[in-house]
Each structure stands twice: as C-alpha cells, then as structure tokens.
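Q: If you scroll down you'll find the structure; I have some questions about it.
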C-alpha cells in the first residue's frame, strides 16, 4: 500500500531525510529557494514503507518532510471506511 510523502518549502537542503530513508524514496533536486540550492524530492513514493525515518531525521522545527500513511490520508479526506 502506497503512502504520500510531502516535502514542504521549509526544507533547508541538508540531505538528512534522504540519508535516513531505507528504501531510497527521497532524492535531492536543484532549487533556488534555500542556501543549499537543493531540496528533497520524493519521486518513488510507491516504495515508501511508512517508517517515518525521514521525519525523525529532519532538523527543521517545521518538519519539512512528512509521511502520510494510507489510512491517515483517507481519514483526512473523509473517505475512511
């Protein structure tokens, strides 16, 4: 079951989440919106196992990367059974 991975613009480009991900869901891409000139991206969300290690590794106060587990996503959209 696939999970949603959202990267917010509070990302500082530190690569901590990319290094923490055991299934290589995340990667860094060029971005001019921060000092590091890069931001995390989640091109392989189908491989996300929902461990949330990326969230734990994020050093920003705003949790720049968030994993929404399948049941959390459907519940927030009002379509849970």
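Placement of Cβ uses the backbone N, Cα and C atoms for every residue, glycine included.
The [4Fe-4S] cluster 1 binding site annotation in Swiss-Prot covers 11, 14, 17, 58 and is backed by sequence analysis. Positions annotated as [4Fe-4S] cluster 2 binding site by Swiss-Prot, on the basis of sequence analysis: 21, 48, 51, 54. Positions annotated as domain '4Fe-4S ferredoxin-type 1' by Swiss-Prot: 2-31. What Swiss-Prot lists as domain '4Fe-4S ferredoxin-type 2' is 39-68.
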Q: State the non-local partners of the domain '4Fe-4S ferredoxin-type 1' (2-31) in its own chain: residues 6+ outside its ends, Cβ under 8 Å from one of its Cβ atoms.
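A: 37-51, 53-60, 62-70, 73.
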Q: Beyond 11, 14, 17, 58, what residues of that chain have CB atoms within 8 A of the centre of the [4Fe-4S] cluster 1 site's CB atoms?
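A: Neighbours found: 12, 13, 15, 16, 18, 40, 54, 57, 59, 60, 64, 65.
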Q: Excluding 21, 48, 51, 54, which residues of the same chain place their Cβ within 8 Å of the centroid of the Cβ atoms of the recorded [4Fe-4S] cluster 2 site?
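A: Neighbours found: 5, 17, 20, 22, 23, 25, 26, 49, 50, 52, 53, 67.
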Q: So what sits near residue 21 ([4Fe-4S] cluster 2 binding site) in its own chain, CB-to-CB under 8 Å and at least six residues off in sequence?
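A: In sequence order, the residues whose Cβ lies under 8 Å from that of residue 21 ([4Fe-4S] cluster 2 binding site) (at least 6 apart) are 53, 54.
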Q: Using DSSP and three states only, what is residue 11 ([4Fe-4S] cluster 1 binding site)?
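A: For residue 11 ([4Fe-4S] cluster 1 binding site) - judged by DSSP and reduced to three states - the answer is coil.
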Q: Could you work out which of the binding-site residues (11, 48, 51, 58) has its C-beta surrounded by the smallest number of other C-beta atoms within 10 A?
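A: With the binding-site residues 11, 48, 51, 58, fewest surrounding Cβ atoms within 10 Å: 51.
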Q: Average the per-residue pLDDT over the domain '4Fe-4S ferredoxin-type 1' (2-31) and send me the rounded value.
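A: Value for the domain '4Fe-4S ferredoxin-type 1' (2-31), mean pLDDT as a whole number: 92.
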Q: In the structure shown, which of the binding-site residues 14, 17, 54 has the fewest other Cβ atoms within 10 Å?
A: 14
